[in-house]
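As given in TrEMBL:
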| type | residues | note |
| --- | --- | --- |
| BINDING | T19, G20, S21, I22, R45, N46, N115, E117, G196 | NADPH binding site |
| BINDING | K116, S142, E143, S167, H190, S203, N208, K209, E212 | 1-deoxy-D-xylulose 5-phosphate binding site |
| BINDING | D141, E143, E212 | Mn(2+) binding site |
| DOMAIN | 13-59 | domain '1-deoxy-D-xylulose 5-phosphate reductoisomerase N-terminal' |
| DOMAIN | 74-123 | domain '1-deoxy-D-xylulose 5-phosphate reductoisomerase N-terminal' |
| DOMAIN | 137-220 | domain '1-deoxy-D-xylulose 5-phosphate reductoisomerase C-terminal' |
| DOMAIN | 252-375 | domain 'DXP reductoisomerase C-terminal' |
Amino acid sequence: MVDTNNAEGRKRVLVLGCTGSIGTSTLDIARNEPSYAVCGLTANRNAEKLALLGAEFSCPTLLASAVARDGLKDAFASFIAETRPDIIVNGIAGSAGLVPSIAALEAGVDLVLANKESVVMAGPLIFALAKKNNCRILPVDSEHSAIFTLLRQCGRENVDRLVITASGGPFRTWEKERIKNATLADALKHPTWSMGTKITVDSASLGNKGLEVIEACRLFGFSADDVQVVVHPQSIVHSLVRTRDGAIYAQMSEPDMKHPIISALSYPAVRENFMKPFDLTDFVCGETVRTLTFEKPRTDAFPLLSIAFGAARTDGFAPIAFNAANEVAAGAFIEGKIGFGRIPEIVGATLDAENWAGDVRDLKDVFESDRRAREIAAGFISGS
Ligand code: NDP
């Protein structure tokens, strides 16, 4: 039986960032699940692919790079009004995802949120907006999707710790000095997930895990001291929660982003779908039984993780500064301007450069501190 969210009996889905990794997974779901109708698509620069997808799904498209920067919010708001979605998937990479998230929530539409930067930069502001307009924010990061479900199952009041798993990335076993000199090609060899360039580099530095720690604190109302990161190279356990009686509950599936996206799209229902159900005996490959392993993160070799915990503890403007400095530093590494080892140095130096504590009152505050942190980080890069 399909959802009856609209006259045609199909849930209308607007996909922001349809040409990227999350967008592609979302469109795969739409191709396979007749209960969803893609009603609109956006991209930034890839006009050719956007046009092809627009033709395939017979829906309007929006190319963000064709819109003047200060007109973006209005452009997204008009596009939402034109396409009349029941739900919006935000798969835009980086801080550029924040304005579209706001446009979605201002329109009162449920938001399937892969763009973690929206929460890291402006969590309290977007939660207040969602509450005011009576719509939901449904997390898609696999870890946060797992925790979201586990908190529902266990009862938020019974949980005293969140345990976020990390694959450890391609440098999990590398010596500290070798990591500092890693190339872009090394960083892009993610062992378990296939994702966009920026998040893959962040996964190699554990900067992505740092963003996820901040995201988890904000989404679920936990302090940084009640969040733990555990390295789990197989990426089968997506996260865990510990209840007050000391037991730990885990959520497992194959590492495929279609699982958390389906879970968010169908929320609050939990339904059969086209994906292969998870089966522990699938681990048996010939004679070899695959095992699940867990280890402590090597914070000495991956300093960005500790820097992110520090930013989560400071709260206020520090998460904004962490995200902005990391975007600048990771971007400079991708462009070949700095070595891999400089990424945590630049982020750490940016956070140390100012007092980032304080109350973030509105979006103006968010954008001003984002701009300031980028300026500081860029200064460290040009001085290096
Ligand atoms: P990709 O780089 O693969 O795709 C990014 C998408 O965003 C593209 O469609 C791109 O359009 C669009 N885009 C880029 N810049 C802008 C902009 N300035 N304005 C509007 N649209 C823009 O990223 P991912 O799919 O990997 O990641 C997307 C988000 O989801 C990130 O926040 C990431 O952290 C999060 N996420 C991703 C996961 C994954 O498995 N990939 C897992 C969990 C979270 P174009 O192609 O035209 O440039």
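Cβ coordinates come from backbone N, Cα and C, glycine included.
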Most crowded position, judged by CB atoms within 10 A, among R45, H190 as binding-site residues: H190
For K116 (1-deoxy-D-xylulose 5-phosphate binding site): intrachain residues, at least 6 apart, with Cβ closer than 8 Å: D141, H144, L211, E212, E215
Inter-residue C-alpha distance, G196 (NADPH binding site) and H190 (1-deoxy-D-xylulose 5-phosphate binding site) (nearest angstrom): 11
Among the ranges 13-59, 74-123, 137-220, the one whose Cβ pairs under 8 Å to the domain 'DXP reductoisomerase C-terminal' (252-375) are most numerous: 137-220
For N208 (1-deoxy-D-xylulose 5-phosphate binding site): DSSP state (helix, strand, coil): helix
Residue with minimal Cβ packing [other Cβ atoms within 10 Å] among the binding-site residues T19, S21, N115, N208: S21
Cβ-centroid neighbourhood (8 Å) of the Mn(2+) site, D141, E143, E212 excluded: K116, P139, S142, H144, I164, N208, K209, L211, E215, A216, S239
Rounded inter-Cα distance in Å - S21 (NADPH binding site), H190 (1-deoxy-D-xylulose 5-phosphate binding site): 14
Secondary structure at N115 (NADPH binding site), reduced by DSSP to three states: coil
Predicted model, mean pLDDT over the domain '1-deoxy-D-xylulose 5-phosphate reductoisomerase C-terminal' (137-220): 96
Cα-to-Cα gap, E143 (1-deoxy-D-xylulose 5-phosphate binding site) vs N115 (NADPH binding site), nearest whole Å: 13
Rounded distance in angstrom between the Cα atoms of T19 (NADPH binding site) and H190 (1-deoxy-D-xylulose 5-phosphate binding site): 20
Residues among the binding-site residues T19, D141, E143, G196, N208 that border ligand 1 - Cβ under 6 angstroms, in sequence order: T19, D141, G196
The domain 'DXP reductoisomerase C-terminal' (252-375) - residue tally per DSSP class, helix then strand then coil: 67 helix, 6 strand, 51 coil
